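According to TrEMBL, the protein has these features:
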{"type": "TRANSMEM", "residues": "A:30-50", "note": "transmembrane segment"}
{"type": "DOMAIN", "residues": "A:32-234", "note": "domain 'MacB-like periplasmic core'"}
{"type": "TRANSMEM", "residues": "A:265-289", "note": "transmembrane segment"}
{"type": "DOMAIN", "residues": "A:268-387", "note": "domain 'ABC3 transporter permease C-terminal'"}
{"type": "TRANSMEM", "residues": "A:310-339", "note": "transmembrane segment"}
{"type": "TRANSMEM", "residues": "A:359-385", "note": "transmembrane segment"}
{"type": "TRANSMEM", "residues": "A:406-424", "note": "transmembrane segment"}
{"type": "TRANSMEM", "residues": "A:430-452", "note": "transmembrane segment"}
{"type": "TRANSMEM", "residues": "A:481-500", "note": "transmembrane segment"}
{"type": "TRANSMEM", "residues": "A:721-744", "note": "transmembrane segment"}
{"type": "DOMAIN", "residues": "A:726-830", "note": "domain 'ABC3 transporter permease C-terminal'"}
{"type": "TRANSMEM", "residues": "A:776-802", "note": "transmembrane segment"}
{"type": "TRANSMEM", "residues": "A:814-837", "note": "transmembrane segment"}
Amino acid sequence: MNQPKKFSGATTVWLFKMAWRDGKASFNKLGLFMASIVLGIAAVVSIQSFSENLKSNIAVQSKSLMGSDFKIDSNKAPNEVVMTIMDSLGGYNAREINFPSMAAFPNKEGTKFVQVRGIEGGFPFYGELETEPVNAAKTYQSNQSALVDATVMLQLNLKVGDSIKIGAISLPIAGALKSVPGSNAVFSTVAPPVVIPFEFIEASGLVQTGSRLDYEFYFVADPNTDLAALNKSIGKRLDAEEADLDIHTSTSQRLGRRYDNFGRFLNLVAFIALLLGCVGIASAIHIYIKEKLRSVALLKCLGATKRQTFLIYLIQIAVVGFLGGIIGSILGIILQQLFPVLLEGLLPVDVEITLVPNAIFMGVLLGLFMSVLFALYPLIGTLYISPLQALRIEEKSNPQSLKAGIFVLMGIFAFIFLFSYWLLKDLRYALAFVVGLVITFSILAGIAHVFMKAIKRFFPYSWGFIPRTSLLNLYRPQNQTLILVLAIGVGSFLISTLYFSKDLLLVQANMEAQENTANIILLDVQTGQQEDVAKTIKANNHQVIDNIPIVTMRMHSIGGKLVNAIKEDSTSTINRWVLNHEFRTTYRDKLIDSETLEQGEFTSKADGLDAIPISVSDNLSRDAKLEIGDEIVFNVQGVLIKTVVGSIRTVDWSRMQLNFTVLFPTGVLESAPQFRVLTTQVPDERASATLQQQLVSQFPNISVLDLRQILSVIENLLNKIGWIINFMAFFSILTGIIVLLGAVRTSKHQRIKESVLMRTIGAKSRQILKMIALEYIYLGILGSLTGIILSLVSSQLLALWIFETPFSPSVIPFVVLFPGITILVLVIGLTNNLSVIKKPPLQVLRRETN
Amino acid sequence: MTKILNVENLEKSYDSGSKKLTILKDINFSVEAKETFAIVGPSGSGKTTLLGLCAGLDQPDSGVVELCGVQLNGLTEDERALLRNKKVGFIFQDFQLLPTLTALENVAVPLELQGDKHASKRALELLEKVGLKDRTHHYPSQLSGGEQQRVALARAFSNRPEILIADEPTGNLDADTGEKVVKLLFDLNKEEGTTLVIVTHDIELAQKTGHILKLKGGQIIENTKTAL
């Protein structure tokens with residue numbers, strides 16, 4: 001007997017031809033699938049590409065960022081060893097002392113908390129001091145004048161020639177400082193830079209006990225110098241003398257990493273948009289393939305193999321994904337041009353945008369791969385369809401292989417996990433992201449299922465015909481309830497989470513005008529000044545809320561082992577910051593509101609004890625590997641004090657008040673060199689300005705921090721970041737709308753058939769319209785409300801477990817998002833179905849069949 | 001004469017809830033090459049199921065189907081698909097044209113599946129034969145029922161099948177159009193020298209064939225050769 005040949009003669013070219021023939025007739029539907037992923041891809045590519053550009057710009061401009069090839073810095077005056085090392089390097093080319101201080105502007109009766117930078121030599125050697133007038137940068141040293149931050153000049157209406165008073169000195173202003181190498185935009189907002197000639201630092205009289213001085217020595221290296229090797233050879237020696245060597249490349253790498261983290265977070269937001277689009281694809285392909293099953297059966301009848309029919313549709317999806325990837329990548333490249341504008345003031349360098357081939361390649365690959373992956377499960381359906389269905393026999397279709405389904409699902413999760421790992425570079429975070437995603441999607445899908453079951457079970461038979469029928473539509477065969485609830489729910493969840501998290505962050509920083517809550521902090525108050533400062537505060541009708549002593553010290557030994565020896569010990573697990581840190585400690589006889597005793601016993605007064613029982617914060621105990629009973633010897637400005645860890649406290653660092661890692665009992669440090677921090681509360685800005693002016697003129701060394709100003713800086717910063725996150729979330733929302741459109745359009749045919757039938761048996765346009773409107777209102781309400789409530793619950797949990805703060809959620813998601821999204825769903829649903837009402841039934845049916 | 005279709009002891013049943021529903025029982029018959037053959041019977045007698053089994057679209061519970069010299073029982077689904085592609089032509093009651101393909105493309109598909117590079121030429125010839133030369137680039141939805149069935153006829157003959165299986169070919173057509181399509185079917189069949197198996201409940205149509213098999217309740221009640 002003749003057996004048929006094993007393989008069909010149809011070529012791969014024919015498969016592509018069939019995919020094209022079939023695809024072009026379904027162009028509208030495939031176009032929507034493509035649109036679902038285009039925005040997600042655009043978002044991912046734009047972020048990825050911009051991050052790469054930023055990183056390479058930071059690397060290229062690394063010298064300009066530092067202003068030199070390398071620098072040695074320390075927060076104490078360099079000792080002989082450090083000076084010798086610097087001499088061996090050929091001596092520094094420029095030096096700087098900087099510190100935060102109050103500046104007064106006598107002509108304007110204004111004061112400002114600024115970062116004073118006293119510079120000697122030709123710094124910066126790379127990049128430039130941008131000033132207005134331009135030559136002020138070159139002449140300020142010889143003219144013995146100051147350069148003042150341009151924003152401060154604008155705020156206080158200062159002109160060139162006005163004077164600035166810093167401590168005991170008064171200098172004319174030579175120009176407005178627009179940018180200075182090494183200046184951080186965010187920090188500059190809190191303490192704007194003021195550049196003065198180096199020789200005036202000493203004369204200002206502000207270099208004294210408790211001053212937070214930073215000494216920096218800038219070097220220009222020979223172009224052939226191996227900076228990394230230099231760092232290796234002298235880094236440790238400098239470390240031992242509490243000085244640091246910073247080379248321009250490591251500074252730019254550190255900076256790059258910081259921005260990279262933010263970029264990764266934004267990438268995740270973008271990735272969510274892409275995932276949402278993929279859920280849309282999976283759902284739309286499901287309906288699309290269902291419509292194609294009869295054609296598949298027929299092709300099989302005519303002799304096509306399972307593989308061939310499967311491949312025809314796989315090719316279609318792959319091509320759509322590939323095109324989506326290309327279009328998305330192009331859009332992403334265009335979009336990244338917006339980022340420098342959106343991130344204005346937050347970027348350390350001017351970013352020159354160039355094409356990043358990696359990002360484009362990733363975008364195209366992502367489009368192709370994710371479309372295929374998410375379409376695979378519905379596509380597998382083509383393998384199981386029997387050719388018998390081409391005849392009139394309505395055979396029960398074979399259940400799709402459970403194994404194949406699980407396999408595809410595992411593939412999807414594995415991909416999401418790997419991709420998020422690639423983005424986050426942290427296994428735990430990637431896992432948490434996937435788990436969070438699964439939980440969110442599962443809850444939304446679960447609620448949609450429960451809702452459908454609940455309608456079935458408790459169906460309101462007593463309702464009128466129209467609301468009853470529209471409710472019925474939510475669980476009819478091929479309903480769109482699940483996908484619409486997912487699309488609407490995830491969109492609403494994302495947007496409202498953004499609102500709630502911003503609330504959470506602001507609550508952390510917020511200070512209500514409560515009585516006895518300090519909003520002015522006076523730093524660097526010398527012990528001898530405290531009474532006079534308190535008098536000035538009281539004379540202005542304010543209360544001194546806190547008067548906290550501060551004693552600076554460093555760790556000398558831990559558990560009997562010298563800190564220098566620990567630094568040398570490569571096996572030590574003690575965090576390095578502990579060994580180099582200058583601790584600002586205080587002493588008091590009780591714990592305060594922000595502190596909770598975790599272990600041991602708090603000693604309020606230490607009398608005649610050999611080792612002083614101190615209290616350490618939980619983060620210090622973790623980083624320094626300290627336990628109750630461990631011995632620490634502190635070097636308090638030359639005097640060694642033996643202490644023992646008596647208790648461990650948790651500290652709520654998020655509170656805007658002074659908190660300490662190391663707390664001494666009373667009776668020990670009272671006679672040590674110290675300075676004070678006083679706090680008070682002022683009712684308004686005018687009172688704050690008056691107090692600041694009086695304090696600065698009487699006590700030039702004191703720095704005054706107005707917490708409300710800092711809060712407004714934080715708020716501005718959060719708003720800026722929030723705006724960027726909103727911008728990224730916007731992609732999710734747009735994708736959600738496209739998925740919604742896709743879902744509505746794919747179910748349109750069935751809806752039209754039903755509506756035509758309704759019209760044929762006498763339903764009026766109004767009735768059909770009401771029916772459709774009600775169905776979308778049900779879906780809109782269910783999806784958006786579920787998303788918002790889910791987000792509220794997760795934000796509440798975040799507040800409870802992570803931020804440990806009471807959380808009063810914004811009402812915006814409820815009063816704006818909830819009705820807004822519901823109306824949007826309604827409008828999309830109605831506009832897509834208007835043709836049903838406008839045209840005669842037969843015409844509609846014929847056109848839809850075509 | 002060579003037997004082109006041979007069916008022995010065929011049985012088929014489906015699960016209907018908790019009960020087993022027997023559709024076909026103890027079916028034995030054969031069709032000779034170039035014969036015209038009709039399977040008739042009332043609705044629910046198992047005609048279409050029998051047709052599906054004969055074309056290898058489904059598998060029997062027991063019994064043997066031998067099509068064009070190949071026993072179908074041992075073949076995989078893809079092997080049966082290949083056999084259909086080479087040896088069988090199909091005509092369906094509801095035309096079953098691929099809605100996204102033009103008339104010409106629909107006719108060419110079986111040959112394209114074989115990798116025939118001259119598929120379009122043959123498809124054009126056949127469309128000309130069925131009188132649709134000027135409708136080649138029309139989609140099914142742009143054609144009338146009669147025209148769609150004529151395209152289906154052209155497609156059925158495109159791969160030069162040894163056997164042509166027609167399932168109620170006039171079921172969806174009015175009397176006049178139906179008659180024209182039947183004439184065309186028989187003329188083409190004669191011209192191409194194909195074996196024709198028609199499933200119908202239309203006795204008049206059945207009587208145009210040389211052999212009639214009557215089914216009732218899933219069993220053969222009559223197997224007669226007509227005077228043709």
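Note: Cβ is positioned from N, Cα and C throughout, glycine not excepted.
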Completion exercise
Among A:265-289, A:430-452, A:481-500, A:776-802, the most Cβ pairs under 8 Å with the transmembrane segment (A:359-385) come from A:265-289
Practice task
Please work out whether the transmembrane segment (A:406-424) lies in contact with the transmembrane segment (A:265-289), by counting C-beta pairs under 8 angstroms that are 6 or more apart in sequence and asking whether there are at least 3.
Solution key: yes
Handout entry: Result, the transmembrane segment (A:310-339) in contact with the transmembrane segment (A:776-802) (3+ CB pairs under 8 Å)
Key = no
Handout entry: the transmembrane segment (A:310-339) and the transmembrane segment (A:814-837) contact flag, 3+ Cβ pairs under 8 angstroms
Key = no
Fill in the blank from the handout: Within the same chain, the residues 6 or more beyond the ends of the transmembrane segment (A:265-289) and with Cβ under 8 Å of it are 26, 29, 32-33, 36-41, 43-44, 46-48, 51, 313, 317, 366, 370-371, 373-375, 377-379, 381-382, 416, 419-420, 423-424, 433, 437, 441, 478, 480, 482-483, 486-487, 490-491, 494, 724-725, 728-729, 731-732, 734-736, 738-739, 742-743, 746-747
Problem - Highest-contact recorded stretch vs the transmembrane segment (A:481-500), from A:30-50, A:721-744, A:814-837, CB pairs under 8 Å - result: A:721-744
Handout entry: Secondary structure composition of the domain 'ABC3 transporter permease C-terminal' (A:726-830) [DSSP: H/G/I, E/B, coil]
Key = 92 helix, 0 strand, 13 coil
Handout entry: Within the predicted model, mean pLDDT of the domain 'ABC3 transporter permease C-terminal' (A:268-387)
Key = 85
